[in-house]
Amino acid sequence: MIKVLVVDDSAFMRKAISTMLENDSGIRVVGMARDGEEGLELTRKLNPDVITMDIEMPRMDGLTALRHVMMEMPRPVLMVSSLTTEGAQDTLRAMELGAVDYIPKQLSRVSLDIIKIEDDLIAKVKSVARRKVFRPSARPRPVTAKTEVTKPAPSVSRLAVRRDVIAVGVSTGGPPAVQSILSALPKNFPAGIVIAQHMPMAFTGPFAQRLDGVCNIRVKEAEHGETFMPGTAYIAPGGRHTTLKQRVSHIELQVGDQPSDALYKPSANVLLESVAEAVGRRGLGVILTGMGNDGCEGIARLRERGGRALTQSDETCVVYGMPKAVVEAGLSDQVVDLDDMPRVLLETIYQ
């Protein structure tokens, strides 16, 4: 039985979240708190497996409470966030502080959107409940200045780059993992990267901006029709698909709504299949932490065309779902710990 503590200043939200969670026989809500201060008291008293935490609360807000939880008694925390730019910034900050993921809510239509998030909420709680949670100090520290980083070994020539297009699929637990990798890459990284992170439309722009501020390479939200460039990481916009198209003289990024029946937007499968079609063996697929199996079909297509695939290790994932699907299908060329991923990327693009 998974024990959950619900922390929210709204009585309606506390009741709604509790009701949704207890619709699953494997989950029990052991307590509800009206603010961060009460949430800390109940965490110490009830020792929940998972906490859902609102961000904006009186007396003690969610970010302050999260800091205390992660330093004193670390455990999986899911933030409940509004779908606004301000909500996105707060949520991204929460994940830097140690939250494993978030549940989006639309404040203007709470009663309708609550219904939509039930399946997602239950799945996330069950996925993160017994995963190891690292204190924030144990996470790789972000780069604080855009400085030139040591190049790959001198014996490796830039002219020998063979895989100059990297496509990343990632979901639950993704933002800290993506930051950990990108912030460790050198400014002169000779490949381009496009990242399909399952994230709402309001979040991907702020996510790209936040990464650009702590990385040596350029990070931006992908735009339709722009040229795909080395040394740049493109974050696929939420709510749409990002794909690559080979033109006569360059690779073009395309952002659109098709296929409309894809389960996720952006979809790792859609992205990877386009990379397979556009560049074939020049492509490198990377599947990081996340629920489900998005990316597995795309990796299969990429490897058929001569591309390679890396997957994040079980031990370093928040949720070992997407990488597990690739590994169990026999499609992973190498399983890599998160801290080793930047080094392995630098090695693999020359292979």
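Using N, Cα and C of the backbone, Cβ positions are placed for all residues, glycine too.
Note that the coordinates shown come from a computational prediction; the quantities given were computed from them, not determined experimentally.
Listed in TrEMBL:
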DOMAIN    3-120  domain 'Response regulatory'
MOD_RES   D54  4-aspartylphosphate
DOMAIN    152-351  domain 'CheB-type methylesterase'
ACT_SITE  S171  active site
ACT_SITE  H198  active site
ACT_SITE  D294  active site
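Recorded residues D294 (active site) and H198 (active site) have their alpha carbons 10 Å apart, per Cα-Cα distance. In sequence order, Q197, H198, Y264, T289, G290, M291, G292, D294, V319, G321, M322 make up the list of same-chain residues 6 or more apart from S171 (active site) whose Cβ falls under 8 Å from its Cβ.
Less than 8 angstroms from the CB of the residue listed as '4-aspartylphosphate' sit V7, D8, D9, S10, M13, G62, M79, V80, each of them six or more residues away in the same chain. A coil conformation is recorded for D294 (active site) in the three-state DSSP classification, outside any helix or strand. In terms of local Cβ density within 10 Å, D294 ranks first among the active-site residues H198, D294.
Per DSSP, the domain 'Response regulatory' (3-120) is made up of 60 helix, 28 strand, 30 coil.
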